[in-house]
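Reading through the structure tokens given below for one structure.
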Amino acid sequence: MALVSVRDYEQRAHEIIPRNALDYYRSGAGDELSLQLNRTGFDRLRIRPRMLQGGSTRDLTCTVFGERFALPIAISPTAMQRMAHPEGEVANAKAAANRQVLFTLSTISTSSIEEVANATPNAPKWFQLYIYRDRKLTEELVRRAEKAGYRAIVLTVDAPLFGLRRADMRNKFSLPPHLTMANFVGKASSIRSQGGSGINEYIAEQLDPTLSWDDVKWLLGFTKLPVIVKGILTREDAIIAADLGVQGIFVSNHGARQLDSVPASIEALPEIVSAVGNRVEIFLDGGITQGTDVFKALALGARMVFFGRPALWGLAVNGQAGVEHVLDILRNELDLTMALAGCKTLADITKDYVVHENYYSKL
């Protein structure tokens, strides 16, 4: 069967990836209500197309922090990608570089900061940061990212502990023995089950559950890179972050893997754009599977849209070429959506183009 959509890649990847890794990648927290909302939140939005707008081509380029990208689509940080393919994060980053889109490396990656940087020396990349109990270790990660040429730090703020991920508990998840957390040596490099979910046990031991806004101030105080906070879902937290001086906010529910029953990222996006959209760059991550999703997020105020799982599905199916094809699919779908909706540039995609489904029941 020809692979013509992200869903096609997802289905094929589910046949390829070993169960232990697959359940880690695809599962959500609790009863997975929020995981469903990440999809249905987009489904409840309607596009209001405008006709006879003219123009035979569209400009999909996007500028963030002074850098120009081919698309308003980027790759989110996802952990342990070599469970999906032997080349893991390196292949994913190369695909992003070849398509001139942004790649974000996870702290808990199976390819190191330096490996990914050396494989894509001129391509813009961001580094996602967890704050470890050992602050010196945390600062060293930031310094390594700075030295290796990463362009921003994406601080995950929604994971002082990892959420209730039942699939990992059932599987007693462990990182396969031939793989390690490549950014670390010693105990912090290994994820092995001690009877439950190995990843939850690792996070409970290594990360700092007392994480607070003071830690955001601490990070802002020593890095010269832009700091983006990832995991914001309320206007109150968005305002605090903007007041502290962060340069960007990731509206994200961590792939619905932390607290179940939180809103979908796309549901939370409008209130955050309304609160601080004129002060910081707003990004969205969660639930993106097709070009219409990207269009809807841009219409509601996101500067750029990130996805994680679709890149993993492409990686599992065909390595770097698979990720490139997934990006090509989303690019073509966004281009077609813009053409049929009557938008020639990203600036044309305004909130007038998208309404909630309830809009039509009130007419």
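Glycine residues also receive a Cβ, built from the backbone N, Cα and C atoms like all the rest.
Just so you know, TrEMBL annotations are computer predictions that nobody has curated.
These numbers come from a predicted model, not from an experiment.
Per TrEMBL, domain 'FMN hydroxy acid dehydrogenase' is recorded for 1-359.
As annotated by TrEMBL, glyoxylate binding site applies to Tyr24, Arg165, His254, Arg257. Around the Cβ of Arg257 (glyoxylate binding site), the same chain contributes Ser27, Gly28, Ala29, Leu35, Phe162, Gly163, Arg165, each under 8 angstroms and 6 or more positions distant in sequence.
Less than 8 angstroms from the CB of Gln128 (FMN binding site) sit Pro77, Thr104, Leu105, Ser106, Thr107, Ile153, Val154, Leu155, Thr156, Lys230, each of them six or more residues away in the same chain. Annotation source TrEMBL lists FMN binding site at Pro77, Thr78, Ala79, Ser106, Gln128, Tyr130, Thr156, Lys230, Ser252, Gly308, Arg309.
Long-range Cβ neighbours of His254 (glyoxylate binding site) (same chain, at least 6 residues apart, Cβ-Cβ under 8 Å): Thr156, Asp158, Ala159, Gly163, Gly231, Gly286. Taken from TrEMBL, the feature active site, proton acceptor covers His254.
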*Return the single residue from the binding-site residues list (Thr156, Ser252) that has the minimum number of other CB atoms within 10 Å.*
Thr156
_Set of same-chain residues at least 6 away whose C-beta sits under 8 angstroms from Tyr24 (glyoxylate binding site)_ = Met80, Met83, Arg165, Ala167, Asp168, Asn171, Phe173, Ile199
*Across the listed FMN-binding residues, Pro77, Thr78, Ala79, Ser106, Gln128, Tyr130, Thr156, Lys230, Ser252, Gly308, Arg309, what is the farthest Cα to Cα distance, given in whole Å?*
19
